[in-house]
């Protein structure tokens, strides 16, 4: 009772302080002695006085915000510890709806006004090249350019180089795909190991030779198989600059579908490996093969301390435009950056491909003659019918003149007299003969050039960084700085076309089953990293490290590398051969199973009340997994908890850094179930049947759904007992609409069930925030009405089907070449609809032949109840050349603008361009897409990367799956015929703009609201339910685990807490990498009564007091991938992040 009084008093105190503070503010502004009334005339001095008053008012608001924040923390502390009365139970009203009483705990939504300034933008200079504007202004015509088909004729004056020689760097390279036509291991065995073995011997033959490598995954495998002498030689070659490892990631990742967690993780894995084994730190980025480029990647490379980068696969019309305006080299800047802290120097290759015919100059017929692997007698030749000729004394002058002409023409497209000429292709240099042919012939050409000053050319072999260093030197700037006159660019390079209207927008969806599995593995990896790091730190602090399975670190390392491998631009993209896809799938599943073990082991240790009782037994795990997959291409099957006379315990893991109020659904073997909290309080639950089809329930399996509050990054405990509590075990009611179909229906005495043979009337589901209408005919969503609004918002959902062209060029794994607009999906039979209603959730499932569409509405306060949970179970294995799309039609006046995320890191505005074909207007959607007008925003959140567009105002359209019977002539040699039953998961969030908050139309940036960010996190990081194994008696106690002393500010995301490897072997060190991301957010969307706790702190976090029961004994800010310390370690553990920034810290917990 005493605690309850304290809570009441503190709650009242907040109100009083707020009112009193506002009174003081107004009072101080009103009675200012310097203020005079001027009858409406405001001289300049008065305006400045007014500005001062406004600034003072802002300062006072800020102070007020801080006071309330402090009081809020006190109240939350009190309420968290309060053993209040049991919560009121849900009840059923006369009008047929469930009411869940409000929670006794207060919720806070307290955002500092200063934190709202960032999204308003308007600071800093605009870049010369904004890609959204470039795309709007370009004609995208495809005029024949002569020998450079997609470009133009290039001419020059031979005297252009009289004042300054042309400096040419020829960069030998071999592009090794970690899986595409062959599996990773097969490529390694048959080609890659031979390339790297030859590299060591051939580079040592002549110190003038150079070689560029990118994929650390292959390099690490090779390293494990070579002897000490060869390793020493490799270190020497790296040390003297003959061998450069560019980018240094585990793979060269896809930039469309990959999530930024995985992009960073594979970069860290590569960089850490290079530092440990070679002492190498990458300086330049090399991305010749990803199919379009995200602006997230330059940000990550810059924060990893790289100074330059190169890209290749950009739309041919953009390449031509940039070549014509000498803009192929630019400083790439983030759209939100108000100065130049995110700038990185970027080189865009000008021609069609990264192969030799398209890299020496504009004429592939001539360049092919200088690819000496194609000398007569070899296995490949020149398609232009003029073969290369070996360079001799007799022909060197003529051959050199021909090549120099190409070099000079290519250099006319750039601003400096330093020229980059890559020399390589896929899996090149795999035989010693090729090394000899290329290096000997080119060296003869270089010797000829360099011995004739009248030619004004200096040519040599080089690495990528050799080229960039020479360019910086020529332009007189420090490495990475902006050379005078070079443009600044912001935006991204999607979508990509390599010729005609062949847009590479199909791979945004291709093989969605594995795109989904990728994200499941990612969420498990992050969860396992965090729990493992916390468990190891707590075990060390308690002196129990010897008992804890620290060897799980090898499982973590393998999973990091599996996730990294799958970010490769032929893996997550869905563009590999079927056997290679199976290989990836098997790897993904193996790592997923291993990560579940890591999570179980860590949760077991952390949830024990008495750590001394901890005993690790791999043969008899303390916890069970939440679900299992029978094979890599099967959907998960949830664990059924067997109830009997003794209670069963379940440990719940919340991977979010925010406290979470969520619905947890468990499967049990009886409808007679009681659920108790950790303290033994009985909880209200909703019990439902578990369905195997539209009308058939699984016998002896029931779903029990219970709302639970879980600590940030923490563990909660539930107890399940056999028995019935009529007040708290609340059954769902079910209606099944058969639409005239003759089907048998499972019935159960525990659940009221009504069968409706032919009803077609629309019906609604509702919760405390909204009423949602569905079509009685289709079972699909029709409209949403928020409870505080009179009018409903049209949100009309449809299923559509795309065909492919009848002409020669058809859609395939890469390309989307539809036969026109999509047509409505016409089912053979009307759908069966199953409507479930209950106290905590209601849902509608529409069963069609090719898609089961479920929409669920949670009747909970906070994030869970503010959006619709949507899942689409898709099976198109009987389709021929068709693609299935989900279409949402609204009356939002979006004016041709829509927004898609880039890698889950940032949002990029898009404009529907009528001048381009339909397929050009599709973009990647890794986590969200939205449309908006002055009043509303509708966001579709996704748990897997898919392709999205808005083809008309007020519409969003997502491609769910594609089945294509033919190759699209990009080297794969297969169609997409290995479709799986795939579950795509979404959240649909409707938000209203607050009065007076403008939509930032003219801006090149846009930001989700805080609610939207949290909704995405809930979808992508679900709570895990881990039952305590039956044979394990929990003994004296399982206790919830609260790792954080206080929640992080709600604009902060703890991206990872990653245990670092020890120097000597595969064991963990005592250090972890803490990676934080401060998100940019839009304050202009409704933020009242949201029912969840959220405060911001102007970017400040006290890391020293963040972890409960652990001290931060060492803290070192570093570059993104930990290769560079950014400041000396200090005693202060307070850190500050600007919005949108990601920061990495090396820390030791003890």
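Please read every residue number as a count from 1 along the shown chain.
Including glycine, each Cβ sits where the backbone N, Cα and C put it.
A quick note: this is a predicted structure, and the numbers were derived from the prediction, not measured.
Features reported for this protein in Swiss-Prot:
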TOPO_DOM  1-5  topological domain 'Cytoplasmic'
TRANSMEM  6-26  transmembrane segment
TOPO_DOM  27-796  topological domain 'Lumenal'
CARBOHYD  95  N-linked glycosylation site
BINDING   175, 177, 289, 569  Zn(2+) binding site
ACT_SITE  289  active site, nucleophile
CARBOHYD  305  N-linked glycosylation site
CARBOHYD  1093  N-linked glycosylation site
CARBOHYD  1131  N-linked glycosylation site
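With respect to their backbone Cα atoms, residue 569 (Zn(2+) binding site) and residue 95 (N-linked glycosylation site) stand 55 Å from each other.
Fewest Cβ neighbours within 10 Å among the binding-site residues 177, 289: this applies to 289. Counting other C-beta atoms within 10 Å of each candidate's C-beta, the glycosylation sites 95, 305, 1131 are led by 305. Taking the centre of the Cβ atoms of 175, 177, 289, 569 as the Zn(2+) site, the nearby residues of that chain (Cβ within 8 Å, site residues left out) are 176, 180, 252, 288, 290, 426, 568, 570.
Secondary structure at residue 95 (N-linked glycosylation site), taken from DSSP and collapsed to helix, strand or coil, is coil.
Ranking the binding-site residues 175, 569 by other CB atoms within 10 A of the CB puts 175 at the bottom. Cα spacing between residue 95 (N-linked glycosylation site) and residue 289 (Zn(2+) binding site): 60 Å, rounded to the nearest whole number. Ranking the recorded positions 175, 289, 305, 1093 by the distance of their Cα atoms from the Cα of residue 1131 (N-linked glycosylation site) places 305 first. The local packing around residue 1093 (N-linked glycosylation site), expressed as other Cβ atoms within 10 Å of its Cβ over all shown chains, amounts to 19. Of the recorded residues, residue 1093 (N-linked glycosylation site) and residue 177 (Zn(2+) binding site) place their C-alpha atoms 46 Å from one another. Between the CA atoms of residue 175 (Zn(2+) binding site) and residue 305 (N-linked glycosylation site) there is a gap of 24 Å.
Here the Cα atom of residue 177 (Zn(2+) binding site) is found 25 Å from that of residue 305 (N-linked glycosylation site).
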